[in-house]
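Novice: What follows is a structure written as structure tokens; I'll ask about it next.
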């Protein structure tokens, strides 16, 4: 008789596993029920639970929420939630539970529908117990600090949030079982869908393309003495900031850091992203201001004055982003505002939380102010160059200086369009919430800025000539090449003299 039962179990298991998707539930909604038996009606009996045919199956792997599989010995799993209400726990045994230790006790305490603490016995057969978080990006509901995070546990195993009147099922939450009075509740981040995951795969590829070109641009400007003026040094700082920014973004977006296992590292990366992003914007602002100052005030600078000016620019470009980052950090630590106004870097993701108010205050409003200021500086610079070009200065040095001034202006203009336009489109996309293909294309070009900067700043005629002269002096043996470089070198673009009387204001 026992042999017949074993044969019957083997037959039905073979049938049930012949079609991988035969179960009426996902893998993360199943539990291990190995050790049961099949009755005469083809039901699988495990403990006091009766799984009908089709609600159980043999597996030789384990699978997480992302469908990543690990091979294991064959075992039987059943759709427990088809039989009874389920509760999901984030982890089991000594697994790490986000930023605290997790253990499975015999009971957990929840807040029920009438806002009273209710103790649930995990050994009771009334609820099915699922183990493991249901999604990648989750955040803790901090009821002690935020009224908006209040929640209630429903009898069917769902979670109700009074603030937004939403019900979250077992695919949206898990309990972190600790020694606290009430279990810690974690919810899936609402925007963790496939489209965003696809973006987070494509965008790092663009940034990986950018980084080598940013490094090459930096090294070329560092190795060619003729490029070591304020323009060149500012560009080096700009490309260095972008390199750090892209490296940090790649780290945050390509699962190099697990938010839950390494939350402190995630926070550090988030603050580094914030600092590097605004470093790049302020260095662009410096370049815009410098070309505006030269075109408007007819500045002639000695090498000592250039160094002094660059130090002042550096203090401005580093201090402002640093103060902004420190401010964001202090706000995160002290939490002086409502949750919707907090940066919460490293708590939901390795960046500022995706709340409209928080993103506006800490990211898009400051960026928009810098972009508008740069637009104003460029507009006035273009007017001054136009006025000077149409003035009575027609000869020799006047034309040469104007030509060099225009050359640098157009380099800055292309850089500004590259960064300013792309970030403007990013701001518009954020503001209107658009996910059209146009904005995805803009975002991708934003990620390959390194390649575009290389084409703009390294592949122009002057830089190529100076680079060839530095690396291959023999190629400059011809008279034409020597004359071309001497003409460039004899009129340093950082020491332009423009007669103020010739500029029509």
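Please read every residue number as a count from 1 along the shown chain.
Any Cβ shown, glycine's included, is placed from N, Cα and C.
Feature list, courtesy of TrEMBL:
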DOMAIN    25-178  domain 'Methuselah N-terminal'
SIGNAL    1-21  signal peptide
TRANSMEM  200-223  transmembrane segment
TRANSMEM  235-257  transmembrane segment
TRANSMEM  269-289  transmembrane segment
TRANSMEM  310-331  transmembrane segment
TRANSMEM  361-379  transmembrane segment
TRANSMEM  409-425  transmembrane segment
TRANSMEM  437-459  transmembrane segment
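Show me how these features fit into the shown structure, please.
Specialist: Here the transmembrane segment (269-289) has long-range neighbours at 231, 234-235, 237-238, 241-242, 244-245, 248-249, 251-252, 257, 313, 316-318, 320-322, 324-325, 328-329, 345-346, 349-352, 362, 366-367, 370, 373-374, 377-378, 381, 412, 415-416, 419-420, meaning same-chain residues at least 6 beyond its ends whose C-beta is under 8 angstroms from one of its own.
Outside the transmembrane segment (310-331) by six or more residues, the chain places 230, 233-234, 237, 271, 274-275, 278-279, 281-283, 285-286, 290, 337, 342-343, 345, 362, 366 with a CB less than 8 A from a CB of the stretch.
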Novice: With an 8 Å cut-off on Cβ pairs and a sequence gap of 6 or more, do the transmembrane segment (235-257) and the transmembrane segment (200-223) reach 3 or more such pairs?
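Specialist: They are in contact.
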